[in-house]
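Now, the feature entries from TrEMBL:
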- 1-22: region 'Disordered' (REGION)
- 33-51: transmembrane segment (TRANSMEM)
- 84-101: transmembrane segment (TRANSMEM)
- 113-134: transmembrane segment (TRANSMEM)
- 140-159: transmembrane segment (TRANSMEM)
- 171-195: transmembrane segment (TRANSMEM)
- 215-234: transmembrane segment (TRANSMEM)
Amino acid sequence: MTAPPTALGRRSAARKPRPEPTAVRSALRGGGLLVLTGLLLLLVVLSTWIGTKDTTLGQVWTALWNDDGSYATDVIRQLRLPRTLVGLMTGAALGVAGAVMQAVTRNPLADPGLLGVNAGASAAVVFGIGVVGLAGFGSLVWFSFVGAALTTVIVYVLGASGRAGPTPVRLALAGAAVSASLSGVIAGLTVFDSATYDYLRFWMVGSLAGREPELVVQLLPFVAVGLVIALLLARPLNSLALG
């Protein structure tokens, strides 16, 4: 026995259309982005506010817009603010680099360390310090870029060799092999030179403490160019992820 047409109409009208999965995912991503942005802003405020020197939020706000020559202003402008900005740029650069590598290799575990990029940059820096005799950010940064780029090319060539092509597993294995080989080269170059080893150890571990304001200006062009290139590659990388 079938229900009257009026009852069927009421049932269909009472049923609400289910939201599409893509719309739900977009809403979740948008909400997550807002939450993470708010958390980031909170951490920036805490980084410039909290430290060994007791300061107030009013002093932080004053120091951001006016240099009154006080000790609290010097601490905020010369120590905490550069540290915060360098941390923001470093985090953005590392995050975008990892995302791009994961998209290119189609491997969710890919990162600069797994694919040998870090080892290539470190080997080039060791060569620049121990063999060429360079020191300082301005000269070593170009050595690290060249070493990272050459290592990336070598890893991709090794991973793409054969009929299977550059599969995620082959790229990861090639990166691990190249990274291990370069680690041996780094150990050989630093074992007899303690000064080079100490400099490399500090360079690899890194620290946000004691970062000068000039470092922010030096880092900004490299980070900005990298972010712009990543944004321009976003659509091709999405197409690559779809196969």
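Cβ coordinates are placed from backbone N, Cα and C, and glycine is handled just like the others.
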The transmembrane segment (215-234) touching the transmembrane segment (84-101) per 3+ Cβ pairs under 8 Å rule: yes
Sequence-remote partners of the transmembrane segment (171-195) [C-beta within less than 8 Å, at least six residues beyond its ends]: 105, 107, 109-110, 113-120, 122-123, 126-127, 130-131, 151, 154-156, 158-159
Same-chain residues near the transmembrane segment (113-134), Cβ under 8 Å, at least 6 residues beyond its ends: 101, 105, 140, 143-152, 154-155, 171-172, 174-176, 178-179, 182-183, 185-186, 189-190, 193, 196, 199-200, 203-204
